[in-house]
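Some features that TrEMBL has for this protein:
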DOMAIN    A:87-305  domain 'ABC transmembrane type-1'
TRANSMEM  A:30-57  transmembrane segment
TRANSMEM  A:91-109  transmembrane segment
TRANSMEM  A:121-146  transmembrane segment
TRANSMEM  A:176-196  transmembrane segment
TRANSMEM  A:228-247  transmembrane segment
TRANSMEM  A:284-308  transmembrane segment
Amino acid sequence: MTATLSPASRAAPPPPRTKKIAGVGERLSAYAYIAPFFVIFGVFGLFPFAFTFYVALFDWNPIGDQVFIGFDNFTRMFGDPRFWNAAGNTVSIWALSTVPQLLLALVLAHVLNHARLRFALFFRMSVLVPYVTSVAATAIVFVQLFDRDYGLLNWLLGLVGVEPVDFVQSTWGSHLLIATMVTWRWFGYTTLLYLASLQSVPRSVFEAAAIDGAGPWQRFRHISVPSLRPVIIFTVVTSTIGGLQIFTEPLLIATGAPLTCGAVRQCQTLTLFLYEQGFGQFEFGYGSAVGVALFVMVVAIAALNYLLSTRIKAD
Amino acid sequence: MKLRSPLLRAVAVLALLTACAPGTGGGGGGDGKSFEFWSFSAINQKLTVDAYKAKRPDIQIKLTEVGTSTETAQSLTTALAGGKVPDLVLIQGDNLPQFVEQPQNFVDLRTLGADDVKDDYLDWVWRQSVAKDGEVLGVPTDVGGMAVAYRTDLFAAAGLPTDRAAVSALWPTWDAFIETGKRYKQATGKAFTDNAGTSVFYQAVNQVSEKYHSADRKLVHNTNPQVKAAFDLGIKAATAGITSGQSSFESAWSAGMAQGQYAAVAAPSWMLNTIRSTAPDTKGKWDIATIPGGSGNWGGSYLAIPKRAKNPQAAWEYIKEMQSPQGQLEHFVRVGALPSTPSVYRDGKLADAKDPFFSDAPIGKIYTDSLLGLKPFYIGPDSAVIGQEFLNAITNVEQSGGNPATAWDDALRNIKTAIAE
């Protein structure tokens, strides 16, 4: 603002004293109004966040000694096959859930945006139902559907002569199960994001394309998808960050060994590994180190998002 | 759930809990007329609390059933690290060593008179709650003992004997147990037992003279031939096709028990309650035989008083009253938990106790017999983790198609990672 100030305005006489005091009070009261958020954020967000980096440098027994060990937790983590296993599982579950989820949402959004769709509001709202269903309830139902002995899915497979599959106990099966749950929960949310973005595309564009002889696929390919590009990038990034933090689904599916998600950690994700180390084994230092690693990954992806979205704006 | 607002949430919890240093302050300061008691859920602790209230109407007890034994230990750790501690807490034997390593968190019960009652309890059970400088941190409330619960109707259908003496004679050893399993499988085509990890390995590895540590408390899990032998038995059972591959306590295991998917399950005394509540419709179809190898113990819990407890004296009076030999005997009559006080083992209420759910099996006699000739061994803070990794390796072979030939080496490698040594 200084650039626009002329010397004349700067030299303007000060306002009367009483008014000035009121001005200060007003200005301070603004800070008082926003203080509750920042105080709570500081206590529950910022401080614990910073403290994690501190704890990560210790061999921290919550009911015993806290010994400073420098970067030993990180050295241990990089050499820990359980960490890499969890990282691999996280990436695998993320890929299995994000790709189908975004594709499904893209197609659904295109269909729901169709001008001649009847009961459009009903369909648009109903895709959100899985999103508002409790994760725990979703997990209970899906685990039963995928159950080895009594599951509906294995019953159907049995009809065509396939041997029962133990989804929870196998690596790919448990990943598929979790990815299905994640997809089920989030595809409606993503669909609505796409739909909102599509509705800002003037309908005349679609109509003009139709008059020029473009079929449904061509309209999808050449109008819907390009106009959605920024929001697609956004959803890829948010679902990647979300995918790095998948926690409840793997915790709930292997009831025999919940913290490791099965006997050989076949579906243990990074957040679950963090939780197992922190609150199962009470190795707070090591658990914090995993938290720091997770933080670095999330920051890297957020930076990638920033680069991509600025490039798109520049285009 | 995907935590969209990231990390921060997990980290917040983590760090908040760590922010508070472990309580070093002293306890006391309560009214002495009430105390808070943390126990496990589903073990009917309320009955015993009510019995105490009837004896001592002047005392208020706030009983909290925290959750499973593991969840209770986790909550206790969190509380000790900086939260509000209970006056009295029940700790399961597997979780005890991690607390015994940090005795500064608990009241040394010798200061309240533990030495006077020490001789009432099984010596080897008592010793597990004694810390390195002799502090006594807990009083044993019960022991597990060992036995096998089996379905008489399913055994009859497979052409096996159903009488408990004859069934016990089928399996003097674990190898004979596995052979019986093969006979059962051949006759019926169905699984004989629930899983190899819990029903074979966990039992066999608790029947040794040294487990994962030597007598001088050094780690020997990788060299002790007794551990290797128990592990090999587990692998043998896992590959013999005699298990239904359902891990203990998971939902499929419970369903399998109610449906008769397996005919025999290793059953320490506390497991009887689980069977009763998991498969109530199978009442009268069960009986109990001796464990292969004859004796052993799995499980048992302790009552401890945290250092910062407000009413340590009231809590101690509860322990003294309810964990006395007579108190434990009454507890056995109420809920079936096996006393840790051998003086009542010959009492008629225990020795002649029969359980109609299990075809009137003489449970008191069977379980106390399994404790005779038991060889005590040291249990360390890493014992639970080591046992879990061995169990996982066997489960991997049984349920996820893991290679039995490399299972032992895999388990040792995982243990090395887990205990960071």
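In case you wondered, yes, glycine gets a Cβ from its N, Cα and C as well.
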Key: Annotated stretches the transmembrane segment (A:176-196) and the transmembrane segment (A:30-57) touching (3 or more Cβ pairs under 8 Å)   = no
Query = Mind checking which residues reach the transmembrane segment (A:228-247)? Cβ under 8 Å, same chain, six or more beyond either end.
reply = 90, 93-94, 97-98, 101-102, 105-106, 109, 178, 182, 186, 190, 193-194, 197-198, 269-272, 275, 294, 297-298, 301-302, 304-305, 308-309, 312
Key: Intrachain neighbours beyond the transmembrane segment (A:121-146), with Cβ under 8 angstroms and 6 or more residues off its ends   = 108, 112, 152-154, 167-168, 173, 177, 180-181, 184-189, 191-192, 195, 248-249, 252-253, 255
Query = Short question: which residues 6 or more past the ends of the transmembrane segment (A:284-308) have a Cβ under 8 Å from it?
reply = 52-53, 55-62, 66, 69, 73-74, 76-77, 83, 233-234, 237, 240-241, 244-245, 270-271, 273-275, 277-278
